[in-house]
């Protein structure tokens, strides 16, 4: 067989990136949903065959196998009794750490450690894999100490000092906001600030993105040569916790500058594909994370649509035209993700990105300047004063905009999937597949059938609520009164219930409330729908564990229960 046609493929790196990512999807569903795994793989191979040739299909198949091997190696790493662990999150007792990009649940006292530090732990490891989060198991801590020689620890201490000193000058709430804008979202961030950012569609300002990385690089490029500026920017990426969005931005920035150095034309899709491949090698589970999807979705939207939108808006002033085109193009692929993951949609995002992002960029630049001046007190105090006034200005602008713009819309995830079918139909139509326009219609029919629910369904929602669906009637039940109206919108429910004695589902089948859990009665049998950390142990109850996501959905078929 001849492989001469391999060289005729345009952007083979794009196919390689997509193949690696789909290999992770295949590996994820291989044991839990074999048919879905093979359907995903089949679509990949069919797409490659129709687009290219049989020789390249064989090449893609080899890459696919390599991707599966990388996944197997990632989740089967040997963990020793003594390990260096990077602390990512701390909780009241324990937290989440990482060993060579593999996440582990830490059980033990971490109060003497800071997030971002590298520690040396001695303990016992128990394998427990979660392929969607990159978790490989649990680690019970027996002994622990900080690895003071680690660059992660040194940078974490700089970050902690920065936050503490800034807090003295401008207060806790504003220091948390500046730290979140500069290094990525902090747990100490005020919930109202986070809501406002979501409401105006600028929540991405609290997760280090291409904008952050680009600004940091430009700041240092004015002071140093490109190589030094790239190195300092990479140190900044480490300080942010090496989030997928910041790593993606740095790789693309590096490729663009490398192309300029060697006088080669930079291809944005190629750079995006290379960053996806590198991130896959580091963390094969990345395809399941929202940060990865939002970062790549926004960047792809800008690459594909920004120039065209900019040209169509030629009548607008340059600043307004460029701001609107970037904002719209970035949201083309991110809107469905936000609806699917959060059931939220910001109507005010264009206004927010045009007005608020420039102010946030000023705060970011001042935040970087504060880090550089942390050892020079009078400069640190001066820039703290500037940043204090900038935040006051930001607060006033957001307060005024809240009076003029609509709040967040709460939508069911089906709207997000419908939007995706519209994108696919548009792509197929442009490619000459006229019947592709039937795809959204087919999805609407599917949703109508699904909403009707021939058999009763009890669906667990991530907000700690359940949805009862049967023959067109949909009731959402929650332990929180304040969330009822939002949950009704998110679940397409007709009715929301907070307090009740009994809800009839069908003959010989009803639901009762007991503490924070619910009891399902089905033809004389009792099932405890566990919604809280406390579960029933009585022998008369069957335990259905919603809390730990052992079960996400129950379908009632006659006298039997089908778990999903």
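Note that Cβ sites are derived from N, Cα and C of the backbone, with glycine treated the same way.
Since we're looking at a predicted model, the values are computed, not measured.
Listed features, source TrEMBL:
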type	residues	note
DOMAIN	181-427	domain 'ComEC/Rec2-related protein'
TRANSMEM	12-28	transmembrane segment
TRANSMEM	34-50	transmembrane segment
TRANSMEM	57-75	transmembrane segment
TRANSMEM	200-220	transmembrane segment
TRANSMEM	232-254	transmembrane segment
TRANSMEM	274-305	transmembrane segment
TRANSMEM	326-343	transmembrane segment
TRANSMEM	349-371	transmembrane segment
TRANSMEM	414-429	transmembrane segment
TRANSMEM	436-454	transmembrane segment
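Contact between the transmembrane segment (326-343) and the transmembrane segment (34-50) is not supported, since fewer than 3 Cβ pairs fall under 8 Å when only residues 6 or more apart in sequence are counted. Against the transmembrane segment (34-50), the recorded stretches 12-28, 274-305, 349-371 differ in Cβ pairs under 8 Å, and the greatest number is found for 12-28. Each of 57-75, 414-429, 436-454 was scored by its Cβ pairs under 8 Å to the transmembrane segment (274-305), and the highest score goes to 57-75. Taking the domain 'ComEC/Rec2-related protein' (181-427) as a whole, pLDDT averages 88 in the prediction. Scored on C-beta pairs under 8 angstroms, the neighbour of the transmembrane segment (414-429) with the top count among 12-28, 57-75, 349-371, 436-454 is 436-454. If you look at the transmembrane segment (200-220), the same-chain residues 6 or more away from its ends with a CB under 8 A from one of its CBs are 180-181, 183-185, 189, 194, 228-230, 232-233, 236-237, 240, 243, 245-246, 248-250, 252-253, 291, 294-295, 298-299, 331, 346, 348-353, 356-357, 360-361, 364-365, 368, 398, 401, 405.
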